[in-house]
């Protein structure tokens, strides 16, 4: 038994390979000593002649044994399924993949039954591999049974707890097929205010966004580079950018590819919200008769993106459902429609779109488009946090440590919140810059004998939060510099922020 580690496999899962002495002899006799994957034709013939003779001998032994058994127990009692033929064994042999497709050995195995058997066996193998991969993704576990968190951090606090998402019963997306949106009870806004949220796939295009890096974005940058190198005199020979966008849209709309349509809708929505790019496109269209103004071009692009996103959302594409819900909640199409955003977020959350799971939790927490429900908000936050969502880890850590959103104020819950804040701090960014600040407040005072006070580490966490853009941490560092490095350990800001009087606690319980 030999143990090898495949470096190309994500997570470096151990791969166990076992081989016997017969395989070693075949490899040493049939293959070149330089490489087992580079075969010369004489070596191939020699190898396959030895293999075929070995298989044929084993087949003769099997037929002789079969005749003896059939003579003793009768022909009818024998199994109907015969032994695998030489062709079947040849097609199922693992080293068959090494040979080229147009090899002379294929002339011996052109039987229809063998080819159909080969296709079935390959199809079943592909289905098994795909099912294993999908089960690993859904379960969040690696091939060796370990959790995905074991690669870089300690397991989450609620790893062993089963988290089941509960969705509202009135998840109605009829407005996707109703452009006017008139008179539907689902279209009523329970809250007309929007909320500034950290999101991985957002409409804030000033921040690097992996999902917004489409092929058309790259083409736009290449177009600018070409214009720069051509100069002012020769740039007229280059096709205007607006023409290329129109041509790209015509081709995409004729196709039935969902991802291509989503990329196009995302790009034109990005262009429609970028004032600088709109002015560049308007300047290119000044010489034409059907020139647009900035406002009319923006309205045209945004409405076109809205139509495409509605069609994709109606067929259940989760990325389109999230982006359309984000546009509704941000007021891109005019009035803020939180009810529609909530329905789209919850629909995408059913399809395991993690950012939509987090946004659904925010809707339940703040009452955006739905009645406030603290248990459901915590439920969705917990699910998103177990899937490595930084903002969900941060919020769940704060709520657990300070006993908010109906969570118990006991030691176990506090320690769970402390662990969630540690995990959120390890993944902190400019979007989630409050996690190091909250963890620093905990280390500044400590908690009983479970969390030892460490002011030096707390100051390092304040510096990390301030570098990410947290203003309160920057203020604390400035006060510490003025006082000669001394920071008060009595009442950290978070303790004052989340401290509740008895009347406030009673009101919060009634609300929950």
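Every residue number used here counts from 1 along the chain in the order it is shown.
Just so it is clear, glycine is given a Cβ too, placed from its N, Cα and C backbone atoms.
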Quick one: which of 60-80, 123-143, 144-164 does Swiss-Prot have down as region 'Disordered'?
144-164
Matching range for Swiss-Prot feature annotation, region 'Disordered', among 13-34, 35-56, 101-122
101-122
Along the repeat 'Sel1-like 4' (433-470), what average pLDDT does this model show?
90
